[in-house]
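Report on the structure given below.
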Amino acid sequence: MSLKSGLAKLAGKSSYWFLHNVLKGGTSFPGKLAMNIDPQVLNTLAKGYETIIVTGTNGKTMTTALIVNALKEKYGDILTNPSGSNMQQGIVTAFLAHKKKRVKRKIAVLEVDEANVRMVTELLHPKTFVLTNIFRDQMDRYGEIYTTYEKIIDGIKLAPEAKIIANGDASIFSSVELPNPKVCFGFSLPNDKPENDFKASVNTDGVLCPNCNQILHYHSLIYANLGNFFCPSCGYQHPKLSYTVDQIIKQTPNSSTFRMGKQEYAINIGGTYNIYNALAAFAVAREYGLTEDEVADAFAKNKRIFGRQELITYADKELNLILVKNPVGLDEVLHMLNTESEDYSMVTLLNANHADGIDTSWIWDADYEGLDKTKIKKVLVGGQRWHDMGFRLEIAGFDPGEMLINPDDDSLIEEIKTLPTKKVYILSTYTAMLALRKKMAEKKIIKGGM
């Protein structure tokens, strides 16, 4: 270790200790400080680790958590960035914060922002890439989906021997030939029949054939652009799948039960999109030598994480805090809410900061019209762009008289206590969620701000 790297490591660890123990925060600043002293510090910190990079538009944080839980069953301590701080400085902080333990195999499972894959790969030399999906997300930052995938590909090309574990139901992941070894996962449900011929909805991105630019068709369509695709014009088709979900047994907003092969699995989170996340984690776990029983046990022990269907008890309410950030993810959350059997209240918080996406027009692409409004007894609207969200819901058919507009977090928290239902679903963009959690921490409703 060079003197520069040693100083960077010392400064980063010291700042992390102070921020974590005194100020109860610090997910990226220690890494930023260390990188200012030594821009190559990540290379030093990551020496000796087998690194798994998880990237894609949606599902990175949950997939990472599920992979970590599974690999712990076999390998014990796993280094990760659990807060979802997925840019380079946050990843450096994860290494600085990790307390080393004696393990047979040093493994790091890292969620990495799509635009940061190249920068991280240059320093980490990953062994595995896990690709979840590519959807339209924060157009002001990422651009269209093919630009996003190019950013990921630029990183993968730096590690040609790393294995790719990709969502085979996303056609974009089969559009570029790479020298890397590759396995695919996806859905293979009973209604997936060769005679079926479906098209994605007209507003869906990523449905052009990479060979001939004609519209892809599907033998089965799971959601958005994911499914068993084929091109009727040139014969381009879905890749062979090594790992599959073969049956969805039961779904609620708080749980999913499904079958992979002959074994049944359960996770304590709802939504078809989270079954995809579990399938990705299953594929990684099996590639790393875990048995099906070990994976099932790991899924059963899964804990809810920050903003991903996180349950918070407040007064007599059960709050379910859900991060939303793009139309496909929001659509899937709305579909999940339609599986709720009880009456509930809905809180929607919309901000438009850099981390949320400055352009909020994406809320118009989500299917609020399809929500079963008979179960929604009250709607509370907040965040910096409360007016945009309130208008969107009004156009979707919500009664303005049943909506409470409250952009102030302090009074919004008080309003939640008055909602007429026990169950409350809070759908929030990233910075609005951080602000709400900070206020909740100040009021001792939750511990800490993250």
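Cβ atoms here come from the backbone N, Cα and C positions, even for glycine.
In this view, D359 (active site) is surrounded by 11 other Cβ atoms within 10 Å of its Cβ, with every protein chain counted. Here TrEMBL flags D359 as active site.
Every protein chain considered, the tally of other Cβ atoms within 10 Å of the Cβ of C234 (Zn(2+) binding site) stands at 13. Per TrEMBL, the feature Zn(2+) binding site maps to C209, C212, C231, C234.
The domain 'Mur ligase central' annotation in TrEMBL covers 54-171.
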Lowest local Cβ density (other Cβ within 10 Å) among binding-site residues: C209, C212, C231: C212
Residue among binding-site residues C209, C212, C231, C234 with Cα closest to the Cα of D359 (active site): C209
Composition by DSSP (helix, strand, coil) of residues within the domain 'Mur ligase central' (54-171): 54 helix, 19 strand, 45 coil
